[in-house]
Amino acid sequence: MSVRTRREPWLLLLPAIVLLALAFITPVAGMLLMSVQSSAGGFTLDNFTRLFTSEYHLQAALRSLRLGVIQTVITLVLAIPLSYVMARAGSKVRSFLLIVVILPLMTSVVVRTFGWVVLMGPSGLLMKIPGAEFLVGGTQGFLGTETGVVIAMVQVLLPFAVLSVLGVISGITPQLEEASRTLGAGFWRTLRHVVLPLAVPGIVAGASLVFVLSVSSFITPRFIGGAQIPVFAQTIYVDATTNLDWSFAAAQAVLLFAGVMLVLAATSRLGKQKV
């Protein structure tokens with residue numbers, strides 16, 4: 001193999017490497033440096049000490065984590081059966097369902113969130129559903145409640161989970177299911193022991209994507225939850241733009257970034273395990 005042949009793959013990767021360096025590595029490095037910078041310009045860990053001793057910020061971080069887990073579970077419960085139906089449906093039905101899933105992505109998250117604000121108000125459509133008052137603990141509507149945040153976020157995140165799972169299930173040959181049923185397994189047993197194990201990589205990818213988007217989301221929790229339900233992304237925004245405490249905001253962002261990287265590493269390892 002000539003030197004030129006060995007260099008060609010790296011030359012093809014060069015534009016992507018430059019873009020990654022400018023759009024990701026440089027901002028992250030700047031964030032890390034800012035998080036350990038004191039007001040006088042020296043090195044300090046006071047921002048992290050302040051973060052881990054602040055009950056308000058720790059509660060916001062734990063709330064983001066809890067809501068992220070809840071939203072991920074609900075989204076997957078909805079996405080897996082929908083993806084299976086789409087994968088096994090005819091071309092017309094599949095195309096229609098795919099349009100329904102993708103269409104929300106064509107609309108701004110801000111626009112969709114304002115739509116949910118209208119629906120979740122005290123006189124909104126959701127409050128007319130029987131049992132709605134039980135879910136929110138009164139007649140004030142879903143705004144300012146974790147239930148409202150979860151409902152709106154699941155709608156935002158569902159397309160990402162469906163597209164992740166759909167690609168894997170579509171690659172599972174239907175003959176495997178036919179063979180399972182021929183050997184006496186019913187539909188649910190086939191789904192549990194044949195389809196779901198083979199779909200694990202897509203499910204793990206969808207779960208990690210949904211969780212990362214959930215814990216780092218700002219717009220939807222801000223407009224639906226408001227000041228009553230502060231999440232970690234919201235405290236970062238307030239400290240950076242309102243309090244103008246950039247170093248403290250950077251420390252929070254570093255913690256969020258580290259948590260996301262740990263989740264991605266764990267799910268990546270899980271997705272590679274053989275079933």
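Backbone N, Cα and C define each Cβ position, glycine as well.
The feature domain 'ABC transmembrane type-1' is assigned by TrEMBL to 61-267.
According to TrEMBL, the feature transmembrane segment maps to 64-84 (among others). Here the transmembrane segment (64-84) has Cβ contacts under 8 Å with residues 97, 101, 146, 149-150, 153-154, 157-158, 161-162, 164-166, 169, 191, 195-196, 199, 202-203, 206-207, 210-211, 214-215, 221, 231-233, 256, 259 of the same chain, all six or more residues outside its ends.
Within the same chain, residues 82, 85-86, 89, 125-126, 143, 148, 151-152, 155-156, 158-159, 162-163, 219-220, 223-224 sit at least 6 positions outside the transmembrane segment (96-119) and bring their C-beta atoms closer than 8 Å to a C-beta of that stretch. Summarising the annotation, TrEMBL assigns transmembrane segment to 96-119 (among others).
Residues annotated as transmembrane segment in TrEMBL: 149-173 (among others).
Positions annotated as transmembrane segment by TrEMBL: 194-219 (among others).
Residues annotated as transmembrane segment in TrEMBL: 246-266 (among others).
Distant neighbours of the transmembrane segment (149-173): 67, 70-72, 74-76, 78-80, 82-84, 86-87, 101-102, 104-105, 109, 112-113, 116, 120, 126, 142, 194-195, 198-199, 201-203, 205-207, 209-210, 213-214, 217, 220-221, 224-225, 229; these residues of the same chain sit at least 6 beyond its ends, with a Cβ under 8 Å from one of its Cβ atoms.
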